[in-house]
Structures are given as C-alpha cells and as structure tokens.
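Feature list (source: Swiss-Prot):
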- Lys131: active site, N6-AMP-lysine intermediate (ACT_SITE)
- Asp47, Ala48, Asp49, Tyr50, Asp51, Ser96, Leu97, Glu129, Arg152, Glu189, Lys306, Lys330: NAD(+) binding site (BINDING)
- Cys435, Cys438, Cys453, Cys459: Zn(2+) binding site (BINDING)
- 637-715: domain 'BRCT' (DOMAIN)
Amino acid sequence: MKSKSKTVPDVATLTKAKAKVELMRLALEIERHDKAYYQEDAPKVSDADYDALRRRLEEIEHKFPELVSGASPSQKVGAAPARGFAKVQHAVPMLSLGNAFSDDEVAEFLQRVRRFLNLGDEIPAIVAEPKIDGLSLSLRYEQGELVRAATRGDGSVGEDVTANVRTLKDIPHTLKGNRIPAACELRGEVYMLKSDFLALNKKQEEAGEAPFANPRNSAAGSLRQKDVAITASRPLKFFAYAWGEFSGETPERTQHDMLGWLDHAGFVVNPEITLCHSVDDALVFYRRIGEERAALPYDIDGVVYKVDRLDWQARLGFAGRAPRWAIAHKFAAEQATTILEKIEIQVGRTGALTPVARLAPVTVGGVVVQNATLHNEDYIKGVGNDGQPLREGRDIRVGDTVIIQRAGDVIPQVVDVVLDKRPADAVPYEFPQACPVCGSHAVREDGEVVRRCTGALICPAQAVERLKHFVSRLAFDIDGLGEKQIELFHERGWVKEPVDIFTLKTRNATLKLEELEGYGETSVRNLFAAIDARRTIELHRLIFALGIRHVGEGNAKLLARHYGTIDAFLGAMRAAAAGQTEEGNTSEAYQDLDNIGGIGDIVAEAVVEFFAEERNVEALDALLGELDEVLPAAQVKRDSAVAGKTVVFTGSLSKFTRDEAKAAAERLGAKVAGSVSKKTDFVVAGEDAGSKLTKARELGVSVLSEDEWLALIQG
C-alpha cells in the first residue's frame, strides 16, 4: 500500500466544515498533552510544539468565532484534577497566560492595552518577571492563617495539597504585618533549584529508582505525594507573585507594590522582578535575563509582563482563558551539537514504530542528553507533517553532527543537521518495513505519519495491551480475568497470546495458579469456569476482541452482520488479503468489504492488513481451535417499529442490563446514542434518570418507561 504524508491545510484555506473538524482534532490533542503535563507531571511534547498546537487552534477560532465552544482549550486551563486528592474549588479561577514569541508580539500586546484603556500616547508601566518553570499553587489564608493549599488543576478546581505544602519552608503558616485581610488566595510557583534537582536525581539513581526528567517534573512529583514525609524530604522552593480572592481592597494599588506587600507578609519574592516604563525597557530585561538564564539557580522558560496598575488590570479583564493585562514572552529552546551514533526503533503499546536517536553525550541547558526523539520516518527524511520540506529538505543520517534542542526543558529532539560535517560514508536511513520486536510487516496508512506493526495478536511489545483489550467488557468479558490478572499472567509468561487463556486449565498441573497469592482452589476453579463459559462467543465480540485498528464495537457489528458467520468472514478476509498489492487491492472480496455501509477505505485497509500478516491468522486459528462455537450474527429487522430510530437509555434499568437493551435495540434496526439531541426519537428512562431525561423533556423528545419500550418493540 502506498503511503503519503498527512497535509495540514493552511488556516486561510479552511472551510467552516473543515475548520470544525480541525478544531475537534486539536482540542483532543491539546487535552491529551494537558493531562500529561498537569496531572501526570510527564509532558510528552516540547513547549514549542504545544504552543504551535494552541496557536493553530486560536487562529482557526479567530477566523470562525461562531465555532468557539465553552469546552475549547482556549476557554479553559490545565487539566482536571487527578484522582487521589480531594478537590478544591478556587474562589477566583487560576487562568493561564497568552504567549508572545517575538519582540513585535510584545509591542502588539502593549498596543492592545493602550487601545483598550484609551490611553493615547501614555505608556503603561509594566512589571517584568522571570517565568518560573514549576508548579502553580494557590494558598488560602483566613484571618492570616494558612487553611488550604491547592494546585491549579483545570483552573477552576485543583487538588488539595495542604498537608504537603505545610512542609515547605518558603510558605508562611501565618501572614506577617498589620494589613492582613479576613480571607485571601495568594499564589505563586513551587520549583526546585537546579543543584537540588541534580542531587535528588543522584539519590534516585543510587537507590535504583528512576531519575526525574527535569526540575519542573521533580517539583511537581514531589509536591503531589500521598506520603507527606516524602514531600518534606524534598528541597522545594516557592516564589509568590500573584493573588486571587482578596476580601476588601488590596493593601496596595499596583502590581509592583503588591509584590512588596507579599514580601513583608513573609513570602519569598523573586528579586529579579523589574518595573519597566516602555517596550524597550521590557525587551532589555528579556534579553538580559535570557543571557543570564544558564547561570540562574532555577529553570525559567520566558518572561511575564503585567500591567502595573491594578485598576487598569480590572478594566482590562479577561479574554477566554487568559488575562488581557498580562502575557508570557517565551524563550527559544536551548541547543547544542553532538554526533548521532545510532537510530533505534521503539515499538509502543499500540504498535507504533518510533525512531529514537542515540547520541554522544552532550550537555543541553545544564542536563546531559544521550537520547532524543526523531518523531517519525518523514521527519528523518526532512519532510514535515504538512508534506512540506523540513530543514530545507536535509535528511538525518547515522554519523551526522546534529543540533539537539531541549524546548521548554522537556523532551530533547534532533532539530537539524550540520551538513558540512557529514561523513563521506553516511548513507540515507532506511526506516524498517518490519517490526523489530516480532518481525511482522509494518505498515503506514494513507494520511498518517506513523508506521505500525501489524502483528496485533503476536507482538510482545503490544501483548499486554492487546490481551487487556481481548478480555475487556465488549470483547470476551471473562469474569475474574481483568487487567491486573492479565499483567500478572503475562509477566510470568503464562499468557502471551489469546489462545493461552483457554489452555490455562490444561496447563495448571504445571502452573499451579492456586498457589498464587490471593488465589485458592475455589477462585481458580471459578476462573476456569468463567473461561469455559466464553468458549461460545458472538461473532461481533470475537471481531472486536482481535484489536484490529479502527475496528471498534460499532464496526465489529457492521462486519458481523454483513458476513453473518465466522467461516464467511474468515474466507472473505483471506481472499481480500491475497489480493493486496502495492498498487492497491482490486479483489472482489476487498471491494465487497470496502462497500459495506459505514466501513470505508481506512477501516477496510486496516482489516486487510491484519489478515495479510500470516502469524495473526495462525494465532486466530489457534484460538478458534479452543472455542466451541462462534455464534452467527443476529440479522437486523428493517421493518420493526423502531428501525431507523435513534434511542437513548438512561437511569437504572430493571428488566435488562444496559448492554442487553442496546443489543436488542440494534437488532431491531435502531441506533443507540449516548446523549440526547434534537435528532433523538426516544428516551427510555429507568429509575433515577437524570440530566438526559431533563434534556429530553426540554427538547420535546418522546420519553418511554421500560414497560412502554418493551410494548413498542414487542408490538
């Protein structure tokens, strides 16, 4: 199958319909990265790449303001609080900042401020402060006493880390001075000194534990510990620089003077903060602090500019997720050159082949870097995700002198090649066409930049996740065999492929499951009974359980209904796989598959790729040898009373489970939806029905009880 790079269209060329789809894609990607950064303290992309995603989203929303929704990343901050900590509602939201990446954008920011305030030629004073790369924190004081500390979370709701925060020496338990409000939220950044970070990582390595990636991650991970003693043992620091709720009037009238008040109240305020009276002053500060960045004892990733007068801040207010009176001027990423010694391919849990650069050790921004991401095969060739040349088309080869960048001090990446230092014997890198772990052929779908292993059922790199999928609720759903059991059995080498689940009983004389902690003869007997009960399985569940890319529950049901039986399905798939060529697939079996309503090219190609890998077929044949029966698909009744109708089930159903209700409705030709809209025909409401029932009544959608639904479908 021929592959091509996914083209990202210019915003100016987007239609409204395409813009809506692109906004959805960007929102999902940004949400995933927000969760990694704010909840997991493990960012997956550089600041520069993340900022690029947000800028594209904001450009599209600027062109199509009618597409902006309350759920857009431009309207919210961070990620929802992680499980495990109590939730805290911020009295005043902890918003994020807009970004500037050039001197011109800083000048434009000040121009906007002047226009909004109608200042004419007057230049507003600006407070410039280093942007600390740490974890934002809000501290609530009542009658001067610290009563609660919370992380930013999603900006509205954070995590309660009060007990941990009380161990930080930089945070006063009682405010000092005589102008203390009845209640206030004081804010700042938890961080770790570079020297303390290096010492902590040395201890981690000596203890055989994984080192932290950077000071920001170590600070966030140290603060968000369940064991307060661990937090207390970590050298965490805190700079105060802002406030949220403040009962009564603030004791000062400017940002700069309020920082002085915070200092007198007992907080540490960054001594580098400077009051600027022009754009030039602000940019001089930016360049000076940038030059001193490496020598600073803590990590920073830019400079924050804030309008000094608080009454002007109040007038300027907010625009979406960010204040109009402040902006972050980001630094360019730190870089260094070194030798690319090797390119290795890592295979992820979903089969994605990711190239990793193994480098001669080099210090970038104070951190020794030996590995860096190469993203994908197009990136190595010098082609961007939009199909346009990268690095003026320069490819990356083993032996090259390469430029390494730590953008935002997160994941190092190879950003360019020094061509005049390229060895004479360096050859273009050939990306593997087979999985380096299992040997299955690796394919790249049209429009994608990632090449994936097709050995879904047999690849060790994917095994655990595939097996978890195999036993999931919509697949084989084996009672007593969940994710933890799969991890345990796989770790011990007992279950490597799906068929191994069904041979556990015959192998148990050797395995002795009953001797495992938490198991006994009764629990093992029950597990084997549950496995035996699944030796008879519905065709759509089996298809879903195979873990074929793009084949979710809905597509599995479409395939099952079309082919009817396992024999017909397998025969068609083998015929379609046999007709596959580099130029495409013109076999009758493939055309039949491609023409199934709701399937289409992408799904059809993914299914054929799965069956083109002979070892997948062998693994499936072995599994079928252990099953008693694969039940034929129930045929949909096109003439039922609910055929073609959209139905939503809500509340607690007493006469059938939600899955049974859904299956019955689909057999009768109905579409089961998860939410109520104007297109919904029926809402079947059980006990304790909530918001869906309310919305149905508001929209005038027909609401049925269980008995009324049964009467309708039984006709």
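Each position is counted from 1, following the chain as shown.
From the backbone N, Cα and C atoms, a Cβ is placed for every residue, glycine too.
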**Complete:** What DSSP reports for the domain 'BRCT' (637-715) is 28 helix, 16 strand, 35 coil
**Complete:** Lys306 (NAD(+) binding site) falls, by DSSP collapsed to helix, strand or coil, into strand
**Fill in**
Surrounding the recorded Zn(2+) site, with Cβ no more than 8 Å from the Cβ centroid of Cys435, Cys438, Cys453, Cys459 and those residues left out, we find Val347, Gly351, Ala434, Pro436, Val437, Gly439, Ser440, Ala442, Thr454, Gly455, Ile458, Pro460, Ala461, Gln462
**Fill in**
In the three-state DSSP scheme, the residue listed as 'active site, N6-AMP-lysine intermediate' belongs to strand
**Cα-Cα distance linking Asp49 (NAD(+) binding site) and Cys435 (Zn(2+) binding site), given in Å to the nearest integer** = 28
**Complete:** DSSP, reduced to three states, assigns Asp49 (NAD(+) binding site) to helix
**Item:** Segment confidence, the domain 'BRCT' (637-715), expressed as mean pLDDT
**Value:** 82
**Rounded inter-Cα distance in Å - Cys459 (Zn(2+) binding site), Asp49 (NAD(+) binding site)** = 31
**Item:** Residue pair Cys453 (Zn(2+) binding site), Lys306 (NAD(+) binding site) - Cα distance, angstrom, rounded
**Value:** 50
**Cα-to-Cα gap, Leu97 (NAD(+) binding site) vs the residue listed as 'active site, N6-AMP-lysine intermediate', nearest whole Å** = 11
**Prompt:** Which has the fewest other CB atoms in a 10 Å radius around its CB: Leu97, Cys435, Cys438, Cys453, Cys459, the listed binding-site residues?
**Reply:** Leu97
**Item:** Assigned element (helix, strand, coil) containing Cys453 (Zn(2+) binding site), judged by DSSP
**Value:** strand
**Request:** Within 10 Å of each Cβ, count the other Cβ atoms, then let me know which of the recorded positions Lys131, Arg152 comes out lowest.
**Result:** Lys131
**Asked** Among the recorded positions listed here (Asp49, Asp51, Lys131, Arg152), which has the Cα closest to the Cα of Cys438 (Zn(2+) binding site)?
**Response** Asp49
